[in-house]
Each structure stands twice: as structure tokens, then as C-alpha cells.
Amino acid sequence: MAISNKAISNDDSGDESRGKNGVFSTRVCAAMLVLYALYYARSLAVPVVTAIVVYMVLRPLVRQGQRVGIPSTLSAIGIIAALVIAFSVATYVVIQPARQTIADAPKNVDIIKEKLSFLTDRLKALNEVTEDLAEPAEDETPVPGTDNEQEEAEPVPVEIKQPTWISSVSYLSGTGNVVSFLTICGALVYFLLAAGDNLLRSIMHALPDFTARRRLVEVIENVQEGLGSYLARISFINACLGITVGIAMWILGMPTPSLWGAMAFAFNFIPIIGALIGGCIIFLVALVSFEPIYYAFIVSGTFFVLTSLEGQFITPVVLGRSMSMSPVLVLLSIVIWGWMWGFMGVFLSVPILIATRMACEGYDGLQPLAFILGAEAPAPPPDRGPDPEVDPATPKSTTTDPRQNSIPKPHLENERSTPCLTSPP
């Protein structure tokens, strides 16, 4: 009988482990399918995700307008108009210097090659040495029909044609992609700001019980608060960095300093990699603009010093520990989303990482993943010794105050003044 009971327990434990492995495999397969779907539908997913991120950041402005009596539709129109004006002004300021820099690129490449000839000559010499070592010995007979045929071969004529209508179509296609992205993203942001709460209420009514509805509301509020706070603070930091870089480039005599300030503002949204790319671009432009080569190192070194001060001291103080993330996770997120969605995926990688961490914090089953993504683990309760006033022989009361075990919930904005998302419309 003992043997049979032991065998039954072993079978039960084996079934339980197989069940856990099956659930884990199912989750991994589901995650892979979701990633493949996002990669396959990237032309649609990128503007949708961008619109959702912008909506999360701008939604508090609409809520503030509702508190003072401004309809959400009117607030959405005003916000979209302000975004269009700001984007138009930034484009007008940056587009002419950028166009001139791109037009001068072929000439600048020749200048860079000439100034870096001392380095390229050494690299060519090293390449020739390695090729000599790789050549066959003299006593080896060459393969028949190779060298002689190559020497007797006639040169291939090369014909340079002027750009045809195909290049124009390609240019219009690229422009059309940008216009379609801005149109889809702008329309989604407007409708989400104007009627996003109604959509959320409809989703709430599809959930089975009040607990699930309440939990989803809390998760949405947490994601909105965390993502909005991060993007607002990092945008302010990047704006200050862009102004500082522009002034520094103007003092150092760099051409079009406004372009380099705008570049510093945009590239600083990409942690780690953005500063490296911006510094290399400024070094190449300074190498073309100034005669002494060492002056290019001074200009790029100034840029790196400013970005390093911002990244090591200013940003950690402004964001605080709650927004601290592992550089390894940030770099992996940039690589993965950049591979899936290209240039826009690089910019969206950190907001997606923050939103995923905030969402996982709201569900008990996903909290281990939230800890992996950088969430702060709850502090263990202090180890208090036995109370000397309590008799050890007296059994401790098993009743607990529900307020002690309750988890503090985030405050829902305007919970009393406006109807909750879980209430019927």
C-alpha cells in the first residue's frame, strides 16, 4: 500500500510538472506569435503604437480641461493644432540647414578622405601585407585559365544615366509613407483624446466582474502616470540639452548650430546610442568645417561632455529611482524594436519598456516580469523581536486588520467629480 501511494504521488507530481511546462511553452509560443505579428504588420503597428503613446502623455491635459468645463473634443482640437504648429516651426528651422548639409555631403566626403588620408594609408598598407601573406607560394602552379584570361579580358563599359522617373516615384513613395504615417497617427491621437474614455468604458463592460474592471482602470492609470511623467521630464531635459548644445556649437564656430541643437534634442531620446551617433556626426562635420584636425576633437569632445553630464548627473536626479532601468535591458529593447520597426522602433523602445513594466506591476502573476524589467521589489517587513508585554504562553490572535493587509491603490484622478470608467455610461 505504501508503494502504491508513493507511485501515485510521483505520478501526480509528474503531471503537475508537465502541466507547468506546457503552460510555459504555450506562453512562449504566444509571445513569439505576437512579436511576429507586430513585425509583419509594422507599417500599421508603428503609427498605432505611436498614437497610443502620445495619447497616454496628452490625456491628462484633456482631463484638466474637463475639470474646468472644456469639452474633450475642443481640447483635442486645441492640442492637435498646437502639435501641428510646433512641428511646422521645428521643421522650418531645421529643414534648410539639413538640406544644405545633405547637398554638400559628396564634397564633404572627399574632404574627410583627404584629411584622414594618414589613417587610410596605414590601413591600406596593413591590408596589402595581409594580402601578401594570403597569396600562394611561387612554386605553386596557378590554376589554368584564370590569370591570363583576366589579363586579356576587355574592360567593361560603364554608362552613367541621368535620374529617370523611377527615382521621382521612389522619392514620392518615401514622402507618401511619411505623410501617411503622420495622417494615421494624428487622426488616431485626435479620436483617442476626444472619445478615448468612451472606448475604455466599452472595454470595461466586456470584463466579467467589478474586480477585473477596477484592476484594469488602475493599470491604465499607472501606465499613464508613469509614461507621461517620464516623457514630460525627459522632453524637458532634452530641450535644455538641445539649447545648451546649440549655444556651445555657436560659440565654437560650428555652421548651423540650430541643426545640431535639434539633433541633440532628438537623439537624446535614444539612450546610450543616441549620444554616440550624434557625437560622430558632429566630429565629421567639424572635420570638414575646420582646418586643424584637433579642433574637430575639441568640438566633438564638448558634445560628449555635455551629454555625459546630462546622462550621469541630471537625468538620474530628475527621473529618480522609480524610473531607473538596467542599461542592458534598455540596449536590448533598442536592438529588438529597432530590428522590428526600424528607426521609429528605436524611439519607441524605451516607452514600450516602461509601459510594459507598469502594466506587469498591476497583476500578481506578472510581477516577477516587472521585477526583471526594473520595478522596485517591496521592502521586507522589519524583523521585530517578541513584545515583552505579551505573555509568551498566551496564543496570538489570528484575526488581522484588513487595513494592514490591503495594498495601497493609486489614486484615480477625478474619481468623485466625474463618473468612474467602471460605471455605466
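Any Cβ shown, glycine's included, is placed from N, Cα and C.
Where the annotation comes from TrEMBL, it is an automatic prediction and has not been curated.
As annotated by TrEMBL, compositional bias 'Polar residues' applies to 395-407.
The feature region 'Disordered' is assigned by TrEMBL to 134-157 (among others).
If you look up TrEMBL, you'll see 377-425 (among others) marked as region 'Disordered'.
Annotation source TrEMBL lists transmembrane segment at 44-62 (among others). Sequence-remote contacts of a segment are chain residues at least 6 beyond its ends whose Cβ falls under 8 Å from one of its Cβ atoms, and for the transmembrane segment (44-62) they are 38, 72, 75-76, 79, 181, 184-185, 188-189, 192-193, 196, 223-224, 227-228, 231-232, 341, 344-345, 348, 351-352, 355, 413.
Here TrEMBL flags 74-95 (among others) as transmembrane segment.
For the transmembrane segment (178-195), the residues of the chain that approach it from at least six positions outside its boundaries are 46-48, 50-52, 54-55, 58-59, 62, 72-73, 75-77, 79-80, 83-84, judged by C-beta separation under 8 angstroms. Residues or ranges marked as transmembrane segment by TrEMBL: 178-195 (among others).
Tertiary neighbourhood of the transmembrane segment (230-253): same-chain residues 53, 57, 260-262, 264-266, 268-269, 282, 289-290, 298-299, 302-303, 306-307, 310, 314-315, 318-319, 323, 351, 354, selected by CB-CB distance under 8 Å and a gap of 6+ residues from either end. Residues or ranges marked as transmembrane segment in TrEMBL: 230-253 (among others).
Residues or ranges marked as transmembrane segment in TrEMBL: 259-286 (among others).
Annotation source TrEMBL lists transmembrane segment at 293-309 (among others). Same-chain neighbours of the transmembrane segment (293-309): 115, 241, 244-245, 248-249, 252, 254, 260, 264, 268, 275, 278-280, 282-284, 286-287, counting only residues six or more beyond its ends whose CB sits under 8 Å from a CB of the stretch.
Within the chain carrying the transmembrane segment (329-354), a Cβ under 8 angstroms from the stretch's Cβ atoms is held by residues 35, 38-39, 42, 45-46, 49-50, 53, 226-227, 230-231, 269-273, 323, 373-374, all 6 or more beyond its ends. The transmembrane segment annotation in TrEMBL covers 329-354 (among others).
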Contact set, same chain, for the transmembrane segment (74-95): CB under 8 Å, 6 or more residues outside the stretch: 58, 61-62, 65-66, 186, 189-191, 193-194, 258-259, 262
